[in-house]
Structures are given as C-alpha cells and as structure tokens.
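So the structure is just underneath, and the comments pick up after that.
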Protein chains: 2
Amino acid sequence: MTIHWIAIARTLGGLLLFAGAALLAPAGVALGYGEAAWWSFGGTALGTLATGGALWFGLGGVAPQDKDLGIREGFVIVALSWVVLSLVGALPFVISDVLPSYTDAFFETMSGFTTTGATIFGGGGNMDIEAMPRSFLFWRSLTHWIGGMGIILLTLAILPILGIGGFQLYRAEVPGPSADKLTPRVRETARRLWLVYVGITAVQVLFLLPAMSGFDAINHAFATMATGGFSTKNGSVADFDSAYVDGVITLFMVLAGMNFALHYRMLRGKAITVWRDTELRVYLGIIVAATGLLVVSTWSVSGVRLPVASEAQTSFAGYDSLGEALRYGVFQAVAIITSTGFGTADYEMWPPLAVGVVFLLFFCGGMAGSTGGGVKVMRHVVLAKNALNEFKQLVHPRAVLRTHLNGQPIAPAVLRNVLLFVVLYILLLFLGTLALAALGQDLWTAFAAALSCVGNIGPGWGTVGPTENYAHLPALSKWILSFLMMAGRLEIITVLIVFTPAFWRR
Amino acid sequence: MTIHWIAIARTLGGLLLFAGAALLAPAGVALGYGEAAWWSFGGTALGTLATGGALWFGLGGVAPQDKDLGIREGFVIVALSWVVLSLVGALPFVISDVLPSYTDAFFETMSGFTTTGATIFGGGGNMDIEAMPRSFLFWRSLTHWIGGMGIILLTLAILPILGIGGFQLYRAEVPGPSADKLTPRVRETARRLWLVYVGITAVQVLFLLPAMSGFDAINHAFATMATGGFSTKNGSVADFDSAYVDGVITLFMVLAGMNFALHYRMLRGKAITVWRDTELRVYLGIIVAATGLLVVSTWSVSGVRLPVASEAQTSFAGYDSLGEALRYGVFQAVAIITSTGFGTADYEMWPPLAVGVVFLLFFCGGMAGSTGGGVKVMRHVVLAKNALNEFKQLVHPRAVLRTHLNGQPIAPAVLRNVLLFVVLYILLLFLGTLALAALGQDLWTAFAAALSCVGNIGPGWGTVGPTENYAHLPALSKWILSFLMMAGRLEIITVLIVFTPAFWRR
Ligand SMILES: [K+]
Ligand SMILES: [K+]
C-alpha cells in the first residue's frame, strides 16, 4: 500500500487556492487604506492561486478518487497544511520589507495560523507594532482567525476519523470512522461549525465597537475567537485602558475556549445538556478558582495584605480595590487558560502566589474542540478520573471498575490516546528546552518559550515574557519554535506519527 | 473490613526497636571521638527502644496474626514508616542543639532516610558542615544507608505484593502476591539483597581508603550506595580534589543506580542475562549520551570552542583538557541521573547546552529496584515502547499489537500503573511549586526545589542550587518539601492512596 502522493498534492493545491483567496483580503485592506503594500499581498495571492489552480485542476484527472484517500494520506495532508499555509503566508512580510528575514516572517505567520500569537514585533524602534501597515495588522489577525476555524474543523470533524485526539467522546456530533470518509455529513458539520464561529465573532465585533475603531474591533475579535493573541497595539489590550473592553474580551475568550460542539448544541436549545458537561464545569471551575487565588494575591487591602501577597521580590504595589484585582485577575487567568495570551498586566511582576497560579495555568489549556491550545481540560479530566479509579482498583484488586465521563464509559483507546499525547507533549517540551538552551537562551527562558509555543499560548517568561517578544532569538531557535507551535496545534500525534518508521513501512 | 490498627501499631513498634538499635551506632561514634553529643543519641535510643518494646511485646498477645495483615494495613505501614523513623531520628539534632529548630532537624532527617540529601547545613558560619560533631556526620550518612536498604526491600519485596510500582516484571526474583504474604521467601529475598548491599558498600570503602580517612570513606560509601548525597565536606566531593576519588564514586554511583536484583543475578554468574536487560542498556546509554554532550559543551579546545559552548551567560571558562571535561562531565551526569546529588562542579555556571542536559537528567532517575529516586528509567522505557506501539496501532487500526520488555509482554496493569505514577508525579511537582511560590520563593527556585525533593536528588537550581542549601526556606516550605521527599521516595502511589476516600470506605 503506497501513499497516494498525487492525491495529497491535489488536496494541497486546493488549500493553496483557499490561501490565495484569503490573501486577497489584506490586499483589499491595503488598497482601501492606500498602502503601498497592496501589491505584496496581491502578487503573492496571484502566484498562490496560479500554483494552487495548476495542482488542483491539472491533477484532477490523474489523482485517485476521494475514496482512495486513506488514513495515511489524511495524516500527511494535515501535517503539511499548516506548513504550506505558513510558507505562502510569510511571503508578503518579506516582499514588502516589513520583516526582511524570511525566518522572522515564517515564525510570525506560523504563530498566526497556529493561533499562538508569539511575535517578532515589539513596542518601539523598527519593530513598533502600531507603525506596521494596517494591511499587515489585518493579515496577522486573519491568519489567527483562519487557523482557529481550521483547528475546530480538524478536531471535531477530521481527527476523529483518523482516530486521534481522545475526543471520540463527541462522535455523536460527527461521523464515525467509516468507509465513506469525507462524506457530505462531514461537510454539513463543517458548515454548521463555521456558522457558529462567524456568528460569535460578529457579535464580539458589535460589543467592541462602542470602545474602539471598527478596524481594532475586527482585529481583536479575530484574535479573541481564535485564542490567538496578536493585538494591533504595542501594549496589547492594556492600551485601551478600559474595564469594558477587558470585560468583553474576557467573556469572548471564555466562549472561544469552550467546545464549539457545545455552542452548536446550545443554539439548538439544549442548554441543559450543555450545563451537564463535565469538562465545561471543570473548565469554568478552574477559571473561578484561579481568579480567586489571583485576587487574594494581588488585592492590597489598605494596610492589610495577606502573607501570600508578599512584596519581597517585586515592586508590584497591589491593586487598591477588589474590582481592580478582579478585573486584572480574571482577564489574565482566562487569557492564559484559553491560551489566548492577551495581556493587561505583567504577570511576571505579580506576587509569588499569583506567579505560581499563572504558571500552572500554562499547563492547563482550553476545552477540547475549542480554538484553545495546551493540554486541554478534557485530558486533565480523563487523567484525574482514571487516577481515582486506579486507586480504587488497588484497594479492591479483584473488582472490575470502569471510568465514566458524561454518563458514558471512557474507552481504553481514549485513555491510551491521552497517555500518548501527554508523553509526547512532555517530550517536545523537554527537547525544545534543551535545543533552545543549547542555542544560548538561559534555561528558564528556554523552558518558558518551548512551553508557550507547544501550548500555543504566546507570551512566556524570562526574556520572552509578557512585555518582551521573540525577535532576539537565533534563527534556528525560531524554526524549532515554529515546529513546536505546529506540533502543539495539531495535537502532536498527528505531526509526530509522520516521523515514525511504522508510518512509512509497507 | 476494618483496618487492624493494633497490628499496624505493633509493626511500627518493631520499626522503633530497629531505629533505637540504629541510634546506638552514632552514640558509639560520639563516645569513640569523645564528643559530648553521645547522650543525645543514647537518650533518644533508650526512649525509642522503650516505646518500641512496649508496642511490640505489649501488643504481641492482642494483635492479629500476620495472616490478618491485608493490603490496606501494608499501605498504612509503608506510609508511616518513613514518618516514624524521621520523627525519632530528628531528636538528637534538637537535643544537642546542633539544629535547634525541630523543623530543620526533621527536614534533615527525612532528607537522610529518603536518600534525598537536601540539607539545612551550608558552608560557613554556624551551619558549617565540617564543624558538626562527627557523630552527627555519621548519623546523617547512616540515615541514608538505612533508607537506601529500606527502599530496595520495599520496591523488590514489599511493593509488588501491594501491586505498586510497575516493577512486577521482576517477580521472578521475588514472591508474587499471595495468601501467604510476608512469608519466609520474602525474608530470604530480603536477606540476600541485604548481603549484596553490604558487600558493595564494603568494597567501596576499601577503594576509597587510599584517598581519605576511614571515617570519610565509610560516610561517603554510605551516601553513595544509598544515592543519598550528604557529604562530610562543605564542598561535597569536590573538596577531595582527586580524580581517583571522583572515579571511584562515579563507578559506585552507577552501581547504586542499578537494579539490585541484577547485582544478585550477576553474583550468581548470570552476567549474560543481566547484559540483555533493556532497562540497564538504556540507563547506561543515557549516561554515555549525557556525558558526551557535557564534554562537548564544557571542553574548551584552545582557541576552538563549539558554538554550543557559548560563554555569553556565564564566567565559566571551559575545561582545558578532554580528561578534565570527561571527569567532571561523567561525575555530574551520574550524580544527577542516579539522584545522588554529589557535586564536583557548579552545573548552574556551565554553558547553556550543559545546563539543559543536567536539567533533563533531573527528570530521568535511576533504575527500578535501585536506591535511586526520580521517575526511573524503567518507566521511561515502558512509556517509550508504548508510544511507539500506539503509533503503529494508529497506522494499522485493526491489528492487535502488544508491547514487550525483555521478551515478556508488558501487562496492561503495569502500563496503567506507570501512567498513574507519572500523573501523580507531575501533580505533586506542580502543587509543590505553587505552594513554595506562595510562601515567597521565586518561581524557578520553587519549581527546582519541588523537583529535586520529589525526585530525591538533593541540589536544585536558583537559591537551592548546588552551591546553596535549604536553610533559608520558611518552615512550612520545609514541611512541604519533607512530604514531597517521602512521597517521591515511596513511589508516590503508596503515600497518596492513604489520602483517597476509596481507601477508607467500607
Ligand atoms: K495564543
Ligand atoms: K540524593
């Protein structure tokens, strides 16, 4: 059984047609604002459309039919999709000289499409975010939004077919693994999820409009719904200095970190079944608990500060009012757990307990089937339930015990898949840390950069902290982090399987 | 089915008798050197023997027979053993005013019995290690040696009966879980392992004698074979400044990090089956690979330094000769992977690549059934083999694939046990980090201290780095770290199961 490379090439050709069409949008924005950069988008779009068209139509007669596309072709296509999109999407940055280095441009674009939001740009100097042409600000946000939509389709419609992700629990909403593969039913699921995604984005734009320009509202809505985190401001969301904006973005980050199948169910009026979802309850519970700890730690009641809010290490003076502590606490808790990475406060300067809480949130992640990255709440739930079950089994060695989630037994295959994911996640995190340290970063920064990128969060710690950026890293480190972003975004297994001998044998 | 508390109390009484006898040894050392501290050991020994005797003989008629001791009694006894030993063993420190704070004394003693080697003492001032009475230096080493022996018996003879540890693969050497529980056969296994342990320790003393005093040789042999790491010198092993001493200790650290069942097999002349052991090959392979990377990174060929040995961050000048780089590299690689924690170099000052390698070794650990702590090589092997198998399964969904280790299939129960361990290890690491950060440590130090203690390594990073100590931590942090040391030493599951509701129900 050989792999049908021609079919893969044709599918990627289709993806290029899509990318070319997408590039016309920033070209239009550039023309609208009278920016000279329009041709760097327009030219890239033309070349991309031509290449894509040649592959798609040229191979139309040669390529095997859809039914010949098997699991292995699926893995190759998924793994290559984000690479192809980023290779093409990086070109306008270089052509227009906004980012002269192709390495930087690729990093920025991969960071966009993977909804990571780690950026080469930083406040000040040549790399001033606000000095960038608006068409590039829009393109960065659009890569987020496209990537976010892509990941929802992937995890809820395509990966279950490939047997990946531990999300087979949601098969009720999507077709099972079957002979008919990419059937009309998948297309129908995709269409509905797309409508939900577009709808919520539009509502967020409306909510943001009273407090910012239409351009900023669209860009921040794109970055929020994708849990991306690119901002049009040097100081991220903090620059709006508005409790209203913070509140709206917090709310929509929470929505973006939820399983989109739940949104769809909710719209169909099944709110009660949504509320019964265990993962949702844990997700909201973590947000509430983390916010509580952050408030306790950062709120400076006049004269009375808790010992956990010790100022020993930082110059952070504490928030004067409960409202302020709550506003910054909940925003940052949600920004990190959902892996959005927006900032309204420099969490590295917070008191020790708050710093510890934010650090733990780096390992949490949003819900399965959301646009959020990281480990995902679902996997933590499965691991916790399994751990409690194992303890019971040790006390009662002869009992036959099963673990349930939302009333259904957790299949052994799901558990094994979660285990595999966690092992590979840690492996990538550690190899990434080692590589970045070897290339000159201090260990803490190396660890934080690898963690932030594999979890698609964006900001890290140390010299890639929330007030810093990734520009100063050596080129090879940027390529390594680009790979980590892609692997993390595609649930890791999908990417690494292509590197195993078993995949290519026979 | 209630728990037989009386039987548990009687067993712990027996343990106190043993502890009382052990305390007579440092009392003898104190008398021999004419130290006033002899009565603090003698007095504690008397009190301990009296209490232990009262429990053991007083409850002899009341307590149920051995056959009534079930799995749950076993867990409680194991979890309480290290606590009881440390509660008692800490007393002489306080009585003699060597460590006026009971918190410090308990931390130091738990660190000893768990073979962690994290210490309150540091070079200089009141806390000068070399200014301590020799009887206390000996007691610290003896707690290591007793703890090391205890852990070998526990993992190779007792935990398999309780269904813990994922080491059931070695059941050939030890009795299976059976109705006869603590049978003569367990005693026979224990006796043989004890002989091996004593024998190798004696050989190491002989090897060390040419280069140091008999007192130092015995203490360092105790600390080496237990992978403990307490030294009688302020500057640890570096103070001997001898390539011969470094070499001998490196060799015996490697032996101490090996499964003692393999040593026993080797002594029975089955060297070939030992060499075929997969875990042993991986263990040695990691040591060779890590040493290679450390040499590449720290060796300064005159004028020609590899880019990975960049001096950007530290004042470390590099080792002039290959021999020197090898000597310090292999020592530190082995000291960390075996979780001994001895130091001949300040790895925090090494170049970035070396720092990254040492950091990764913190997550490795020795072999199962050794005195080494950490995750253990066995678990990494099981996880890696399972990961490769899962990849194969994804490519061939309908195939029935099994994972093998040393020619035998890996039982699903073993895999589940490994998974549970890893989940709990990470959980403890993270909760420990959060707690220590909340109590005022910077995040990096908090993470490193939790990691070093749960892995029973000793030195960490930041303000608990290899040239620092744990004295400056707040009292509550010391108790938390003491708990982490104990949990890590007892394979975590053994300790945490006692905190689950399922354990106490029915
Ligand atoms: K992000
Ligand atoms: K140690």
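Using N, Cα and C of the backbone, Cβ positions are placed for all residues, glycine too.
From a predicted model like this one, the values you see are computed outputs, not experimental measurements.
Features reported for this protein in TrEMBL:
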BINDING   B:T115, B:T116, B:G228, B:T340, B:N456  K(+) binding site
TRANSMEM  B:42-63  transmembrane segment
TRANSMEM  B:75-95  transmembrane segment
TRANSMEM  B:145-172  transmembrane segment
TRANSMEM  B:193-212  transmembrane segment
TRANSMEM  B:243-262  transmembrane segment
TRANSMEM  B:282-301  transmembrane segment
TRANSMEM  B:349-369  transmembrane segment
TRANSMEM  B:418-439  transmembrane segment
TRANSMEM  B:479-504  transmembrane segment
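Remote same-chain partners of the transmembrane segment (B:243-262), defined as residues 6 or more beyond its termini with a Cβ less than 8 Å from a stretch Cβ, comprise 148, 152, 156, 170, 173-174, 193, 196-197, 200, 204, 207-208, 210-212, 220-221, 224-227, 237, 274, 277, 279-280, 283-284, 287, 323, 327-328, 330-331, 334-335, 337-340, 342, 344, 366-372. Other residues of the chain with a Cβ within 8 Å of the Cβ centroid of B:T115, B:T116, B:G228, B:T340, B:N456, the K(+) site, are B:S111, B:T114, B:G117, B:H144, B:G147, B:G148, B:A226, B:T227, B:G229, B:S339, B:G341, B:T371, B:G373, B:I457, B:G458.
Residues 3, 8, 11-12, 15-16, 19, 23, 26, 37, 40-41, 43-44, 48, 101-102, 104-106, 108-110, 112-114, 136, 139, 143, 146-147, 150, 154, 158-159, 162, 482, 486, 489-490, 494-495, 497-498, 503 of the same chain sit 6 or more residues outside the transmembrane segment (B:75-95) yet have a Cβ under 8 Å from a Cβ within it. When other Cβ atoms within 10 Å of the Cβ of B:T115 (K(+) binding site) are tallied across all protein chains shown, the result is 34.
For B:G228 (K(+) binding site), the count of additional Cβ atoms within 10 Å of its Cβ stands at 34 [all protein chains shown].
Within the same chain, residues at least six positions away from B:T116 (K(+) binding site) with a Cβ under 8 Å of its Cβ are B:M110, B:G228, B:G229, B:G341, B:G373, B:S452, B:C453, B:N456, B:I457, B:G458, B:M485, B:G488, B:R489.
Contacts between the transmembrane segment (B:418-439) and the transmembrane segment (B:282-301): absent, as fewer than 3 C-beta pairs lie under 8 angstroms at sequence separation of six or more. A simple way to gauge crowding: the CB of B:N456 (K(+) binding site) has 32 other CB atoms within 10 angstroms, across all the protein chains here. Neighbours of B:T340 (K(+) binding site), defined as other CB atoms within 10 A of its CB across all chains, total 34.
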